[in-house]
Structure formats: structure tokens, C-alpha cells
Amino acid sequence: MSDTPVTGSFRDRPVSFVRRSGRMSDAQDRAWAELSDRFLWAVPRGEAETSIEPGAVADLASVYGRAAPLIVEIGSGQGHAIIHAASSRPEVNFLAIEVFRAGLARTMLDADRAGVSNLRLAEANAPEVLQHLLPAASVDELWVFFPDPWHKKKHTKRRLIAPEFTSIARGALRPGGKLRLATDWEDYAKQMRTVLDQADGFSRDFDGEWAERFDGRVLTAFERKGSRVGRDIRDLTYVADSA
Ligand SMILES: C[S@@+](CC[C@H](N)C(=O)[O-])C[C@H]1O[C@@H](n2cnc3c(N)ncnc32)[C@H](O)[C@@H]1O
């Protein structure tokens, strides 16, 4: 299996990631072997390695062992933001979607240490999870913090926040649900705002130019690095309109 395009799905356009080989440490290898049963969602695959089988809609109550509001983070990296959130909000179900295996292993290690039981991880291309695996209107909040900026002009077509993504995100969010975005890349921040302002089914949840910093977001290495080199951190929040 490889990450080659799948015809007739989101893979008709380039994916927003390049899979890092990212060698795993011994601790991460052990985490993968010992903690996957508890945290890693054995998602049904389509044709490509990180794909989801079209039509494989999940029963979330059986995945989490309970029905509860759902918060999904796309590109959870090392898992710092979602573990903090899952520990402080035990009444909510959390889903971390990431393609970087060493990051997922690190997330499982920290989730185990933090004793969280309301978190699952999906090793998959996020738009396919939203489109095929999660039931329509099942997500209360969707978080995308510091997505890869793809700053070279020839690569901007790889950016996740694009018109195709907004219709997939809108389908997964319940009416009234929120899409929270953050980036330290000004040009991408402006693209996000233009794309979401023009998207059907979303309205701004902020006044003025940008949203306030989301206080549920912990400082990650990406945000710290952006601030250190003098970049402004931009937050955006949109609400999914009622149908
Ligand atoms: C720049 S990092 C930011 C990580 C984290 N949000 C943070 O703030 O530390 C972006 C992450 O998004 C992941 N990613 C990019 N596109 C993705 C996709 N389509 N599905 C799942 N993960 C993706 C990458 O593997 C990478 O780990």
C-alpha cells in the first residue's frame, strides 16, 4: 500500500502531508505494541495506507463505550493540546487524527501517563476520517492548530484549509458546532479566513480581524517557534450554521 491517489475521493487532490519516516524510539515502539489496543482506532482502510474505506461509518458509542460530545483534532502532532484537553474535560470524547506515527506513539505514552480514557487516535488522512468514518453531524468541535503551511507557491495546493475541506468539515460538524483554527503563517491565515468566509454553512464566531486566542489551546513547539521568530499567531473560529 502507498499514499498514491485514490480515484473518486478526496485523494483526487494532493494530500496535505508528506509522511515522515520518523524513526521510533524504543519507548515509542513499546507504546505502539502495548498501548494501541487501548488508544488506536483500528480504522477500516481504503486503497491507500492512510485512507479510510468509503462508506465505513462508525458507531461512536461503541468506539468510546459511551455517548458524549466529540472534539476532533486534525494534525495532533505530539498530542500536547489534545491530552491536556482530554484530561481537563473527562465528560467529552476526543479524537486525535495524525499520520505521523512517532507522534501518535508519543501521544499514547502521554495519554497513558495522564490516565485518560476519553481519547482515541486515528492514523489516517483527516479529510477521509471526516467524510467516511464519522457519522454526519457528529462532531461538536473540530480543531486544526498549526497545519503545515506549505509556504512555497508551488506547494500551496497541498494546504488543508481549502474549499473542498470546508464542505467535508461542514458535513461532519453538528449545527452550532465550531471549527477552530490557528496558524503562525500570515498568508495561510488570510487564506483560511477567505476560504471560510466564502464557505457555505459557516459563519464567523468573532468580531474584528481575528479571533481571540483560544484558551483551550496549550502552547506547542510550533506556536513557541513562530512567536520566537516574531510571527503573529492568528486564531479563527467559525460556527456551523443550522441547515
Ligand atoms: C506543523 S504540525 C502541527 C502539529 C500540532 N498541531 C502542533 O501544533 O504542535 C502539522 C501536523 O499535521 C499532520 N497532518 C498534516 N496533514 C494531515 C492530514 N491530512 N491528516 C492527518 N494529519 C495531518 C502532520 O503529520 C503534522 O504532524
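Here the Cβ of each residue, glycine as well, is placed from N, Cα and C on the backbone.
Just so it is clear, the model here is predicted, and its values are computed rather than measured.
The annotation S-adenosyl-L-methionine binding site is assigned in TrEMBL to Glu73, Glu98, Asn125, Asp148. Among the features that TrEMBL reports, substrate binding site is placed at Lys152, Asp184, Thr220, Ala221, Phe222, Glu223.
Projection of TrEMBL feature records onto the structure.
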residue: Glu73; record: S-adenosyl-L-methionine binding site; DSSP class: strand
residue: Glu98; record: S-adenosyl-L-methionine binding site; DSSP class: strand
residue: Asn125; record: S-adenosyl-L-methionine binding site; DSSP class: coil
residue: Asp148; record: S-adenosyl-L-methionine binding site; DSSP class: coil
residue: Asp184; record: substrate binding site; DSSP class: coil
residue: Thr220; record: substrate binding site; DSSP class: coil
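Taking all protein chains in view, 17 other C-beta atoms sit within 10 angstroms of the C-beta of Asp148 (S-adenosyl-L-methionine binding site). Checking the binding-site residues Glu73, Asp148, Lys152, Asp184, Thr220, Phe222 for a CB within less than 6 Å of any atom of ligand 1 leaves Asp148, Thr220, Phe222, listed in sequence order. Neighbour counts of Cβ atoms within 10 Å were compared for the binding-site residues Asn125, Thr220, and the top value is held by Asn125.
Comparing the binding-site residues Glu73, Glu98, Asp184 on other C-beta atoms within 10 angstroms of each C-beta gives the minimum for Asp184. For Glu223 (substrate binding site), the same-chain residues that are 6 or more apart in sequence and have a Cβ closer than 8 Å to its Cβ are Phe145, Phe146, Ala182, Asp184, Arg217, Ile233. The Cβ centroid of Glu73, Glu98, Asn125, Asp148 marks the S-adenosyl-L-methionine site; residues of that chain outside this set whose Cβ lies within 8 Å of it are Ser16, Phe17, Ile74, Gly75, Ser76, Gly77, Ile97, Val99, Phe100, Ala126, Pro147, Leu160, given in sequence order. Note: the Cα of Phe222 (substrate binding site) and the Cα of Asp148 (S-adenosyl-L-methionine binding site) are spaced 10 Å from each other.
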